[in-house]
Amino acid sequence: MESTDSRDAPVLAISGSIPELRQSLLKWYEQFGRNLPWRHTQDPYEIWVSEIMLQQTQVKTVVPYYQRWLVEFPSLEVLARADQQQVLKIWQGLGYYSRARNLHRAAQQILHQYGGKFPTDPAVVLKLIGIGRTTAGGILSAAFNQPLAILDGNVKRILARLVGLQDFPSKALPQLWQLSETLLDPKQPRDFNQALMDLGATVCTPRNPSCSSCPWVAHCQAFALNLQAVIPMREARSPLPHKLIGVAVIWNDQGQILIDKRRQEGLLGGLWEFPGGKLEPNETVVDCIHREIKEELGIEISVGERLITIDHAYTHFRVTLAVHHCRYISGQPQPLECDEIRWVWLDEIDQYPFPKANTQIIAALQQYASF
């Protein structure tokens, strides 16, 4: 969780009166606020789901997932009692799967510790798995109209431009939190926070902001200095490391395919995948697949033709998956480096939650089998 204590932070100077800024933003929101499905409810469970899904994911992507989720898990109790595999399957394709696992675990936490009722005390909400200060503020302000500030990426950008912040936002978090708390309208925190998010998503965008449409343009120091393209300052990112992965689609004599479930801890925990691993220096893809399958599953295979090559980017690295058809030869498959293994038929493989890159392998297999 971010260190966000704003009590002793130096004050960032605002141009214009606080009441005027509040009034102009709320008036803008009344006319231009987005019509989103989670805006039509004050159910904390439904709002919580939307807040988690919206982390690092665009609204247009979230909406259909949110709607499907509430069909499958219409209440907190239904989610808490669901199987994790069912949860991951509904989340499949949305990415950042720890969000789904944390939602599921936190729902169980609420069911067992708070009788299934979403808590209203901010200190208690912050103890729930996967909920930080911004998420807590978003949920409690939207569901209960509590005067709690937020500071997501959109809000950081708006506030940095408003005060002409000549520093990286990550180095001014206490000041930005203080500013968000100062600006928050205590009488209409629900609408104010949602207005801030909408302003950042539709007007005060990362690139080419529509400053002429902004209700705060007269008070924006970045605009006054013609620095809206520079503020907020962006920290240089290192190139993403690249990994080449050998992947095996292992067939047995009955025509079944061997899949394994990743361990709960770490990236993509609890999801199923086709086994394989990273190439070692000076290793061929075929040699890599032989070695990885022996290490992971304890079996011997023969490596056949290439099925597909997939390039995929994660947050902190890129991968190229070199996927080969393989034939099972001997040995008893064992989950040596995973939670579980299964032989499955191709026509039942869609029942299992897979990472996005692996769904491309499944599509290639289905096309291969149709010939």
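Placement of Cβ uses the backbone N, Cα and C atoms for every residue, glycine included.
Marked as domain 'Nudix hydrolase' by TrEMBL: 240-369. A mean pLDDT of 95 is what the model gives for the domain 'Nudix hydrolase' (240-369).
According to TrEMBL, the 8-oxo-dGTP binding site annotation covers Arg262, Glu273, Phe274, Pro275, Gly276, Asn358. Cβ-based neighbour count (10 Å, all protein chains) for Gly276 (8-oxo-dGTP binding site) stands at 24.
Long-range Cβ contacts of Glu296 (Mg(2+) binding site) within its own chain (separation 6+, distance under 8 Å): Asp260, Pro275, Gly277, Leu336, Glu337, Cys338. According to TrEMBL, the feature Mg(2+) binding site maps to Gly276, Glu296.
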Using a 10 Å radius on the Cβ of Pro275 (8-oxo-dGTP binding site), the other Cβ atoms enclosed count 25
Same-chain, non-site residues whose Cβ lies within 8 A of the Arg262, Glu273, Phe274, Pro275, Gly276, Asn358 Cβ center for 8-oxo-dGTP are Val247, Ile259, Asp260, Trp272
Phe274 (8-oxo-dGTP binding site) has its Cβ surrounded, within 10 angstroms, by a count of other Cβ atoms equal to 24
